[in-house]
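Right, one structure below, let's go through it.
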Amino acid sequence: MLMFKALRNSRLPRSVLLLRFASSATTTSNCKYDYDLVVLGGGSGGLACAKEAVEYGAHVLCFDFVKPTPAGTKWGVGGTCVNVGCIPKKLMHQASLLGEAVHEAVAYGWNVNDQNIKPDWKKLVKSVQDHIKSVNWVTRVDLRDKKVEYVNSIGRFVDPHTIEYIQKQGERKQLTAKYVVVAVGGRPRYPSIPGATEFGITSDDIFSYEKEPGRTLVVGAGYVGLECACFLKGLGYDPTVMVRSIVLRGFDRQMSEFLAAMMLERGIRFLNTTIPLAVERRADGKLLVKYQNTTTKTDGSDVFDTVLWAIGRKGLTEDLNLGAAGVQTYNDKIIVDHTEATNVPHIFAVGDIIYGRPELTPVAILSGRLLARRLFAGSTQLMDYTDVATTVFTPLEYSCVGMSEEMAIEKMGAENIEVFHAYYKPTEFFIPQKSVRHCYLKAVAEVSGDQKILGLHYIGPVAGEVIQGFAAALKSGLTVKTLLNTVGIHPTTAEEFTRLSITKRSGRDPTPASCCS
Ligand code: FAD
Ligand code: NDP
């Protein structure tokens, strides 16, 4: 009767509710463990998994603990994305775009004095941090409401079903779980050179950094390096990017080079094929960075206010005592199969800690949710890691889904692919006379039949918003025929995909004559 009343009053679909009640019968009430599920790590993947599992009646506990950075920065529950990743990054990106928009506004007739406009770094940091704290608070309330038990400690294995942690009062405690999901994510790496941890900071520090960054050396040319350099530039600082080999390894080469050229055009300096050797603090407080150009084999040095390491991330396996559970790792990541199961069948991993999978929030969230449904709701749906769309949040953003041109050539042979491409001119760029030099897109497709699309690439405004819908289309088997039969929305930049007519093979000039032909 009670169950029936709950069914009637709930807004969840009946099928989901039935599954939930059916599965709750198998949970801890008649289970020999303290919990049905213990999740190690309260970030994107861990929280999604924990919250989904309680929906199906599981008794769940989630550990989350953040060790302070060498510079002393720490933060609350929610993981990387919320505290030191996607969210503060997007806010700083937006702040930097707004600086650009002020100048554009003048051209559009706004009576704004755009001379010497300067951001207030401290105010920006405070606004960003206030938002993060509100998200931390909402997260804790949500966990409490959903009845996910949350423990703010490091969890570590004692044996495959037992987790140990230290309580706030210093007392050691153990608990047991039927299933364990490891979702501990990663933290930025520091190079093994003198002065790296003493004087350098990382993305874990920059979003709450009290000092204005000033002249900044950003070491690393992956997502984090390029995004940080760009928002710093947009905020009026002076970043230099140190590139060890190439920018954006793993991405489409032509698009990556375009992005670097766009950054160069905006006054961001690059130290190419260069590695750092040492960082020293001078008497005036500034940082002297010694480095080597690995092509010319020459040493150099320069002085900066801030050094930001963006050289990749390390999986947080070292505190887990994985040996006690017998879980296999590769370097600092956990090896899982297609069901996110480790070699120990009741121990799973989701998110950044998995070896060889995209390190992106929506990937962590969806794989966590699907895993919980498989464990507690009888689902068989697996996470599909293919064709995951992504965006690099630079001032002209770069977004893509599917294969790069190189990947398609390698997989199918150059003769079997066709690349459609175009430069385009966003309407809103004309009045402020913004550079359109790097507004470019391409579709990588099969050469024959209806020409199945293998990859889509776009550099321009709001790239993530443009590509998200196309990603769903690509996953549904989008072809060039369908794309060109789709009526565009005018005047947008996304419609440029529906107007692609020039192939690289044709050798024709992909520069548009006018916006509306
Ligand atoms: P995390 O979110 O890192 O959460 C893991 C949590 O577990 C952390 O709180 C950690 O402290 C805690 N923990 C670790 N060990 C233990 C332990 N033993 N016991 C208890 N707790 C533990 N992705 C995007 O999709 N879009 C973006 O725009 C984007 N921007 C980013 C910008 C930056 C600067 C960075 C660094 C990352 C960005 N990412 C972005 C990546 C995204 O943040 C990660 O993919 C995502 O947060 C991974 O989630 P996760 O659950 O695997 O791990
Ligand atoms: P990446 O692995 O993407 O890039 C690391 C960069 O540092 C590379 O350019 C690499 O060069 C360089 N590097 C590595 N070691 C050294 C060294 N010892 N000295 C000098 N340079 C070095 O890591 P990121 O930290 O940029 O990003 C981590 C992950 O976070 C990304 O893979 C992404 O999934 C996620 N992320 C997503 C974002 C988004 O969705 N917009 C934004 C930010 C992060 P080389 O190519 O030579 O190895």
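Using N, Cα and C of the backbone, Cβ positions are placed for all residues, glycine too.
Since the structure is predicted, the reported quantities are computational estimates derived from the model, not experimental observations.
Record features (TrEMBL):
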- 35-368: domain 'FAD/NAD(P)-binding' (DOMAIN)
- C81-C86: disulfide bond (DISULFID)
- K90, G155, D352: FAD binding site (BINDING)
- G220, A221, G222, Y223, V224, G225, L226, E227, G312: NAD(+) binding site (BINDING)
- 388-499: domain 'Pyridine nucleotide-disulphide oxidoreductase dimerisation' (DOMAIN)
- H490: active site, proton acceptor (ACT_SITE)
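Annotated NAD(+) site G220, A221, G222, Y223, V224, G225, L226, E227, G312; additional same-chain residues within 8 Å of its Cβ mean position, judged by their own Cβ, are V218, C228, L248, A310. Proximity to ligand 1 at the level of Cβ atoms, with a cut-off under 6 angstroms, picks out C81, C86, G155 from the recorded positions C81, C86, G155, L226, G312. G222 (NAD(+) binding site) falls outside any helix or strand according to DSSP and counts as coil.
By a simple count of nearby Cβ atoms, those within 10 Å, the most crowded of the recorded positions C86, V224, L226 is L226. The helix, strand and coil residue counts that DSSP assigns across the domain 'Pyridine nucleotide-disulphide oxidoreductase dimerisation' (388-499) are 38 helix, 33 strand, 41 coil. Less than 6 Å separates the Cβ from ligand 2 in the case of G220, drawn from the recorded positions C81, G220, L226 in sequence order. Straight-line distance linking the Cα atoms of C86 (disulfide bond) and H490 (active site, proton acceptor), rounded to a whole number, equals 30 Å.
Cβ crowding, taken as the number of other Cβ atoms within 10 Å, peaks at G155 among the binding-site residues G155, G222, G312. Here the candidates are the recorded positions G155, D352, H490. The one whose C-alpha lies nearest to that of G220 (NAD(+) binding site) is D352. Comparing CA positions across the recorded positions C81, K90, G155, H490, the one lying closest to L226 (NAD(+) binding site) turns out to be K90.
Cα of G312 (NAD(+) binding site) to Cα of C81 (disulfide bond): a span of 15 Å.
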